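> This is the structure I want to talk about, given as structure tokens.
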Amino acid sequence: DGVIMEYKNRSRTRASFASYSSRRFLKPSKVKDSSIFWWLLAMARLYLATVQTGYIHPDEFHQSVQVMARDVLNIDAKKPWEFSTEDPIRSVTFSALVSLPYFFMKYSAPFFTYFLGYDLQTPYNLLIAPRIFMTFLSFIADYSIYRIARMCYLKPWSCVEVFASSYIMLVYATRTFSNTMELILMSVLLWRVCESMVDSTKIIRKQTILQDLYETAESLKDKVKLVRMKSKLPPYNYVDSAVISVVITYGAFVRPTFVVYSFIPVAFWLQRGVVTKEVDFSYFNLRCLSLLPGVVVTFIACVLADSFYYGSLTFTELVYWNVTGRSFIVTPINFLLYNSQENNLASHGIHPYYLHLAVNLPILHGILGLLGLWSVSKYSASFITNNFTKKPKIFSMATMLLSSFILPVLVLSAIPHQEPRFLLPTLLPLVLLHSDDVLLSGRKIKAFKHFCFLMWHIWNILCVIFFGFLHQGGVTKTMIRVHDHIIHRPPHTNVHIIFSHMYTPPTFLLMRRINVIAVTEEGRRYRIAKSVFTYDVGGSKPVEDLHNISAQIYKEALQNSTRDADLLICLPASLSEKLYDSTPENVTLHRIQRVRGHFTLEDPPDLNMDDVDFTSSCGHVCQFVRRLDQFSIDIIGVDFGNRMRRFEKDTSLENLSQVYKDTNDANMVSFESDEETSFENEEHSDVNEEALGINLSEPFEVDQNRRNEL
């Protein structure tokens, strides 16, 4: 009993002197902590995932769901260059994970159609199903923040409330970005590292006390008791090795920059008690070795998945070990090799080195980002100027969080290509360090807290509206409207769609199948030729050039097909007037539909009304509303009249790829259009004769070159 009492007294004494670098990480909260606001924000996040129309960046679609829509649902959508080069730089493991709803839709759609009469595979469902799935995955980050906050003696529900109120979680976390997955994985890594640090500190302290008591014990009986107590202490050295190793390895395949984010947490996990000489240095080496099994297994699994997917390796070659170095595709290495060349980065945009610190951090985190930078400056000044006894504790949890914030920002700032979404994981340490600064809690609230509270919430509300709904907000809606137009097009008509001055359109929302098979009465099977063609002109061509481009496309369409051609132009409404003004003779433009709610920073509407003629029927307010209506996308039909239809078939036409040569691939007119079905997917599971424009009871009356007998 005396031994046990001595152990408890020493434990309390040592715990009273153990502290982190900030009092907030030790002092328990006296303010009531409620979860009601987090639940409201969680429901808001789920709701926003289903209604958002904003289009933040093309990578949202083209590095994930557009790829899997083709592979899983047989929807014709062009894969981006990252997946089609000889040395692909994107791992399919991420695309497959976020596209798991497509596997469900593929196998359950027949049951929904048969039992409920509901078509599960619609453009809207294709759009929101992965978003809802990503939203549920994002709650892993909320749970991780909650657990870390409890360990740090913070108000846990207040922390997750600030975390969930960020527009990063309300907008970015509902999208299929690899950066969102990077944030989720980083949250799990921080949670496990923080828990390991706390548990290790407690257990090492107990071990030290028991060892001291053992050395001072006089009787053999007391020593036996102490040995038994020491043997009952839980293990702490390798408990989280498997989780941490899997997370950092898979994170490197999702985005190789995850290695930068994971460096500080893993370093703190490895040094627990080693630097302070509470445990022997050999434990550092053993902890490194404990990570190897998880790293190796995850690495091999991801490499094999990518190698099989890209076709560089087959199962037979693997079984008989008929492989070479080129048989295995390691996408993180390809990613680093690609981005190590400045010419490649220049094609995506070169930015100044200060952009992350001066622009991207405030854009992402608002006042929270500025508070984080202020904390870094205070910490650096204190570490440099104070004497040794007053320097901040280097190996505390607060130091780890602060380093996990600033080090990745500085490292990624050395890369010339910088985008705000690259810094999404920095939200985690900022919330843990400064959540109390942007909440109104306690009896006496300073004016600065009121300011931070207002700035935090106003900024996030504005960003939800802008990035969640307005920014390029008409693109996805336009794709759905064009899809409906294709369904109701006249028979015997091919549809050609030109997209101009907007982000790369996600053509998988048109839901055109790759292989459409027709069967005659004799049992012969034919693949139906494509009937919908898409062309992404980009934003560098003048609007007036769209007439020449559309004329060339129309001529080629009539030359290469016996069907009529329906040509559409989709472009921002702010540019429609230029298109109408430059319309040549014998060409008629008619607006089919105006899709409202589209804001583009590249071609914003001109709101200046100095040269506007006001009338009694349309005054200042009316004209201003008309200008605001230009925040839209116009779907415009082009009619060339009979003159164009009667041109000679043997007319010599320059190849379009020669006419519109351009060194910048992003600005070239793409004629590798998506092959589309020619029947109404939403209403029929079999080939629709009327929509195909053929009678399956009779032989096909089409050009022999267009037949592809299976």
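Each Cβ is built from the backbone N, Cα and C atoms, and glycine gets one as well.
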> In TrEMBL, one of 124-145, 168-189 is tagged transmembrane segment. Which stretch would that be?
124-145
> Under 8 Å for C-beta pairs, could you tell me which stretch among 238-264, 318-338, 451-470 has the largest tally with the transmembrane segment (284-306)?
238-264
> When you check the transmembrane segment (318-338) against the transmembrane segment (238-264), do you get at least 3 Cβ pairs under 8 Å, counting only pairs 6 or more apart in sequence?
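They do touch: at least three Cβ pairs between the two stretches lie under 8 Å.
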